[in-house]
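*Asks:* Let me begin by handing over the structure; questions about it come next.
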Ligand SMILES: Nc1nc2c(ncn2[C@@H]2O[C@H](COP(=O)(O)OP(=O)(O)OP(=O)(O)O)[C@@H](O)[C@H]2O)c(=O)[nH]1
């Protein structure tokens, strides 16, 4: 079996676009709704993710009607005050009807078309509960917690973690069987944190 064979059936994976952040490095705007090549950034991520999974959803905390207009379910964080991407992940885990959930951020429109297949193949091969992308940047591996496939049965573990006031992704994933999946083209994961970075994505 090649590394990109879908070892976990596509129908058993829900895709979640994380768009619930503060966007403070972009002046507090709703990043997912910023225009990129004529479409909201979050819609790019959604359209790229949809063929890789069985169903898709969005995690957002403001302008919910604008996200709902993208035609998929939209869930606000179940924890207030912008607890970070883990809070969006919790919304996804609570609402997904499938065995697996995969997340992508709204601000990274060019992620690989085989992202989910590669994460799923690694999770199945290693019998892992979590498969997380890691970028190989000149020999340094940098984990990408927002590009992550995980079993939805982890929901109770995450609820307990967040309700204990914990917020650090690494501290939570360390409690579970996790496999890192290395991607060698960091440019595929370029994202827009600032207005300048958004302009650069458009080149
Ligand atoms: N649901 C949810 N998503 C979040 C939250 N914080 C960040 N995200 C998402 O996680 C991804 C990475 O977020 P960052 O770019 O690090 O954070 P941000 O809040 O969007 O932007 P900054 O305020 O500039 O750090 C983006 O897709 C965000 O929308 C949150 O509190 N809830």
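Each residue, glycine too, has its Cβ placed from N, Cα and C.
All annotation found in TrEMBL is predicted automatically rather than curated by experts.
Not my notes, these are from TrEMBL:
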- 18, 19, 20, 31, 77, 107: GTP binding site (BINDING)
- 107: Mg(2+) binding site (BINDING)
- 15-176: domain 'MobA-like NTP transferase' (DOMAIN)
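I'm curious about the neighbourhood of these features; can you describe it?
*Replies:* Secondary structure at residue 19 (GTP binding site), taken from DSSP and collapsed to helix, strand or coil, is coil. The Cβ of residue 19 (GTP binding site) lies under 8 Å from the Cβ of 30, 31, 32, 42, 58, 59, 60, 67, 88, 105, 106, each on the same chain and at least six residues away in sequence.
A 10 Å cutoff on Cβ-Cβ distances gives residue 107 (GTP binding site) a total of 27 other Cβ atoms nearby, all chains included.
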*Asks:* Give me the mean pLDDT over the domain 'MobA-like NTP transferase' (15-176), rounded to a whole number.
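*Replies:* That region's mean pLDDT is 96.
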*Asks:* Around the C-beta of residue 77 (GTP binding site), how many further C-beta atoms are within 10 angstroms, looking at every protein chain?
*Replies:* 21
